[in-house]
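Database features (TrEMBL):
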TRANSMEM  12-33  transmembrane segment
TRANSMEM  77-94  transmembrane segment
TRANSMEM  106-124  transmembrane segment
TRANSMEM  130-151  transmembrane segment
TRANSMEM  158-180  transmembrane segment
TRANSMEM  192-223  transmembrane segment
TRANSMEM  252-279  transmembrane segment
TRANSMEM  291-309  transmembrane segment
TRANSMEM  321-342  transmembrane segment
Amino acid sequence: MFVAKTRAIQPVQWLGIAIVVGLVGICAGRFSINPSDLFSAIQKLPSVLSSLILTGQVPDNLTQEERVILLIRFPRLLTALIVGAGLAVSGAVYQGVFRNPLVSPDILGVASGCMFGAAMGLILPGSSWLMVQLLAFICGLTAACAAMFMAKRFGSNSLLLMIMTGIIVGSIFGAGLTMLKALADPYGELPAIVFWLMGSLSVSSWSTVAQLIVPVALGYGLIHTLRYRLNVLCLGDHQCRSLGVEPARLRMVLIVTSSFIVASCVATVGSVAWIGLVVPHMVRTFTGANNMRLIPLSTAVGAIFLLFADSVARASFSMEIPIGIVTSLVGAPLFAFLLFRFRQGGAY
């Protein structure tokens, strides 16, 4: 079941792909960047970071091109990498925990909770962008905890019951979001809510990177250490117990950790569709179902996928389009192709 495919791409190759896509992403856009400016900006990156950390100020000796690279595009690149990696690894974990390849990271209502919290922050008087992110994060985690609490109160550890309670919680938060949109100012607040719901990396900054890297890195570190146990969990509860692993406890740890990552990502950049569903599917064509390889490679491919989508969103049109549109336009046909391919092979 967990035998890896021989045609798997090596980690060094994925690193090379990430570097190429990253360089293209930095140079792409309506403000063109040539390679010499990029090389000069990279040389000044350590001094800029140290100045921001120590004084909170940007050095004065930066050219316009270097400011664009170091203060706008480089943080945006890192934000795309972190969010893409976080959503993809969360999707892989959810699919493994629920033993269902059609499960996505918002199955427990995390995304719906984040969207409700962000909309509430956008219509509150005097609310800052930090408050919007904080409310989105709190509501996202609240949704996941409510779904798990309801499933436990029903007195069952059934995965199907947990999915059903997630649908209930997601519907409740979805109704609340609709109510907030109906109450919002149609000329100011409503457009802001709609744009946030479509997902965007335009808010990226070095502070955004700092907010994201800690929860995503900690969450991934825990998931990475538990990936062998996730393989055991995929065998079923009976086999899991016979191998000395408590399935209910492991399942709870993995779900809470993944929900924490998803809430952090969605609260920062908005709703970004398809990554958590499509990327693990795509990686399985290279690695098989072995989570020892699926988890790290899903992380890498998710980061590259979102970075590519962001480059397309910035450079392909005269105006920047929401990144959720690009991920949907790419992810939906790709997912249909993967389903057709697996269906032809008798996988479903």
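Easy rule for this one: first residue shown is 1, then count along the chain.
Cβ atoms here come from the backbone N, Cα and C positions, even for glycine.
Since the structure is predicted, the reported quantities are computational estimates derived from the model, not experimental observations.
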Item checked: Recorded stretches the transmembrane segment (106-124) and the transmembrane segment (321-342) touching, at least 3 CB pairs under 8 Å -> no
Next item on the list: Count the Cβ pairs between the transmembrane segment (130-151) and the transmembrane segment (252-279) that lie under 8 angstroms and are 6 or more residues apart in sequence, then report whether there are at least 3.
Entry: yes
Checklist line | Candidates 77-94, 158-180, 192-223, 291-309; stretch with most C-beta pairs under 8 Å toward the transmembrane segment (321-342) | finding: 192-223
Notebook entry, point to check: Are the transmembrane segment (291-309) and the transmembrane segment (12-33) close, by which I mean at least 3 Cβ pairs under 8 Å that are 6+ residues apart in sequence?
Noted result: yes
